[in-house]
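Remarks on the structure that follows.
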Amino acid sequence: RLAMEASELWVGFVGAGRMAGGLVRGLLQAGKVPASNVLASAPSDKNLDAWREMGCRTTHCNLEVVHRSTLVFLATKPHILPGVLEEIRPAVGSHHIVVSLVAGVTIQTLQRLLPPWTKVLRIMPNLPCVVQAGAMVFSRGSNAGDEEAALLKSLLSSCGLCEEVPESYIDIHTGLSGSGVAYVYLFAEALAEGAVKMGMPGALASRIAAQTLLGAAKMLLETGEHPAKLRGDVCTPGGTTIYALHQLEKGALRATVMDAVEAATNRACDMAKD
């Protein structure tokens with residue numbers, strides 16, 4: 001039933017940046033929503049051309065998006081959002097579902113700036129949503145019920161892992177997964193450079209490093225095993241892996257990564273207060 005409802009939805013995006021475009025690409029490729037049912041707005045054509053190429057409709061008018069959509073995604077820059085909400089507030093009705101992708105803006109703030117009946121949800125995606133391999137969490141406001149949550153999860157699962165969480169987890173997700181993608185890229189770069197140092201061509205080393213990360217992540221997800229268990233499975237007494245892990249431990253890899261997640265989470269919390 002939800003899948004049928006999703007295909008009949010009119011979906012709007014106020015803001016048409018890369019992350020919003022990635023979500024739409026996932027929805028279209030999964031057949032969740034027809035491109036003709038998607039309308040996106042932006043001040044200029046800079047970002048809208050890519051949406052037109054996907055078959056979506058575009059406009060420069062935020063109010064048009066609200067008037068023509070049932071499910072409205074807010075995808076503006078944080079400092080622009082209050083003005084946008086003031087603009088669209090008169091057009092938001094009880095039939096609308098409003099979903100914010102905007103970093104640092106709480107559900108409480110969204111509910112304060114929108115009509116009191118508005119069904120509000122907040123999601124935090126990450127960059128791999130662009131290739132339908134993202135990790136997303138979402139939380140719902142006081143007027144959003146199980147039906148709205150189930151519909152959103154059904155839609156966004158086409159873009160990767162999607163979990164409902166308490167809103168307090170969203171900043172942690174930012175430190176873990178939103179920013180965490182960059183930590184993984186740094187690690188992939190280091191893996192490849194280590195192989196280049198030992199004599200392997202750079203392009204080949206980069207491909208093997210990427211596949212190594214993909215395979216390791218897939219095993220974690222599909223086996224459900226704790227990372228420590230899988231790590232132990234790779235180690236043999238006196239073998240290559242335990243020698244390498246010793247070097248990583250001497251470099252305090254685990255503590256440094258934990259510090260990075262903490263720093264990014266704290267920064268996300270600070271942004272919400274700004």
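Just so you know, glycine gets a Cβ as well, placed from its N, Cα and C.
Note that the coordinates shown come from a computational prediction; the quantities given were computed from them, not determined experimentally.
Residues or ranges marked as NADPH binding site by TrEMBL: Asn62. Under a cutoff of 8 A between CB atoms, and with a sequence separation of 6+ in the same chain, the neighbours of Asn62 (NADPH binding site) are Val14, Ser41, Val84, Glu87, Ile88.
Marked as NADP(+) binding site by TrEMBL: Ala75, Thr76, Lys77, Pro78. Long-range neighbours of Thr76 (NADP(+) binding site) (same chain, six or more residues apart, CB within less than 8 Å of its CB): Val14, Gly15, Val84, Val102.
Marked as domain 'Pyrroline-5-carboxylate reductase catalytic N-terminal' by TrEMBL: 11-104. Each residue of the domain 'Pyrroline-5-carboxylate reductase catalytic N-terminal' (11-104) gets a DSSP state, and the totals for helix, strand and coil are 39 helix, 19 strand, 36 coil.
The domain 'Pyrroline-5-carboxylate reductase dimerisation' annotation in TrEMBL covers 167-269. Summed and averaged per residue, pLDDT over the domain 'Pyrroline-5-carboxylate reductase dimerisation' (167-269) gives 96.
A simple way to gauge crowding: the CB of Lys77 (NADP(+) binding site) has 11 other CB atoms within 10 angstroms, across all the protein chains here.
For the domain 'Pyrroline-5-carboxylate reductase dimerisation' (167-269), residue counts in helix, strand and coil come to 87 helix, 0 strand, 16 coil, using DSSP.
There are 13 other Cβ atoms within 10 Å of the Cβ belonging to Pro78 (NADP(+) binding site). Over all protein chains present, the Cβ of Ala75 (NADP(+) binding site) has 26 other Cβ atoms lying within 10 Å.
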